[in-house]
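Colleague: Here TrEMBL flags 141-424 as domain 'SAM-dependent MTase RsmB/NOP-type'. Here TrEMBL flags Cys242, Ala243, Ala244, Pro245, Gly246, Gly247, Lys248, Asp266, Asp293, Asp323 as S-adenosyl-L-methionine binding site.
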Amino acid sequence: MSIFPKISLRLEVEKYLKEGFMNKEVVSALGKQEAERRFETLLNHLSHPPSFTTVRVNTHLASVQHVKNLLLDELRKQFNGLSVPILQHPDLQDVLLIPIIGPRRNIKKQQCEAVVGAQCGNAVLRGAHVYVPGIVSASKFMKAGDVISVYSDIKGKCKKGAKEFDGTKVFLGNGISELSRKEIFNGLPELKGIGIRMTEPIYLSPSFDNVLPNYLFLQNLPSAVVTHVLDPQPGEKILDLCAAPGGKTTHIAALMRDQGEVIALDKISNKVEKIKQNALLLGLNSIKAFCFDGTKALKLDMVKDAEGKPPFLRESFDRILLDAPCSGMGQRPNMACSWTLKEVTSYQPLQRKLFTVEPQIGGEGMMGAGLSSEQLKQLQRFDPSVVPVRDTDIASLGDARIEDMIWLANKDCIGFFIAKFIKCKST
């Protein structure tokens, strides 16, 4: 059952998305009423978190079972002895699934309030505490140690430093303030730590802040599927074109058992540093990261570059992963997006410029894309609208079958799609 309103979009953007979703092929197959219902269901799912938190085990350093045992101990501490199951995905052996408990509707709202930005609010719904930079407003007399009700300013209307806010806001749960209002808004830029420690979040999800950082990588399920579809092999040379922050890059290296070469490109220097940091943290030595524009990665002259730096000659790699920049509108939870239609559609030219799938976790591609039924089966589309928005509590987990929970994890995730191209011959 929904607890939040559907994602708030500009009218021009919602109309554009609806026209694409309700194309002739979809309406013909489902009927107009069912197609409209599915579109509205999808918008509703986007404002809610997925049913599971997904983490990938760094199998280069430890076994999945060892990390699972460590994580079970960590969750017991976080949840004060509450026993939350951890499932190993049957088709993605290095992926662990932790069910998210909620929404919890009986949390008492406090008189003392804090309002956080929408991005911070989304992170809280996925298990994060509130960090100082994310706090936009706090009650006049808030002091350290106070129990605070935390709200998300989903439309970005609250002024920084306000003492109260009566605009559109969504309740996220309660927490304990680590700092006073005066300390939070004193203007010192170095304040970056936890401002409010969430104790009663409306969705109970584990925090992974510095939890087993060498062994675990927090990653949405479809993102973990991607590298298994790529299927990298030890000894190969692989290019990750738009690699930051390095989740898929490090997954490639781990599946190759750190044997071979993984070239990671991103055109923003601080993002490249993040790739290098993640590789170091996970103990992976086969990754080489470069600050370089992926649209210029192809070397047009035939003079060989002996240093192994971009740009590269044709057929320099065994496999290429392209996670092209996109609007990210499939991310969950996301209660509001203020982007204009021009911004939403601006990624298509860049994506075009950049340019039997196993494992088959997602559904087949969306009708109306101009592809045959066989081609649609070669895509993987992750569409959360196929399941109802539901409540999860500890009692329901105890009665649930593992197969049903895995099915839910595969369906109720972020919006995503994957396509794999296999080169048949050189031209």
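Glycine is no exception: its Cβ is also placed from the backbone N, Cα and C atoms.
Owing to the predicted nature of the structure, the values given are computational and were not obtained by experimental measurement.
Could you place the listed features in the three-dimensional structure?
Modeller: With a cut-off of 8 Å between CB atoms and residues at least 6 apart in sequence, the same chain places Asp266, Ile268, Lys271, Val272, Lys274, Ile275 near Ala244 (S-adenosyl-L-methionine binding site), listed in sequence order.
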Colleague: Please determine which of the binding-site residues listed here (Cys242, Gly246, Lys248, Asp293) has the lowest count of neighbouring CB atoms within 10 Å.
Modeller: Asp293
Colleague: In Å, how large is the greatest distance between any two Cα atoms among Cys242, Ala243, Ala244, Pro245, Gly246, Gly247, Lys248, Asp266, Asp293, Asp323, the listed binders of S-adenosyl-L-methionine?
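Modeller: Between the outermost Cα atoms of Cys242, Ala243, Ala244, Pro245, Gly246, Gly247, Lys248, Asp266, Asp293, Asp323, the distance is 19 Å.
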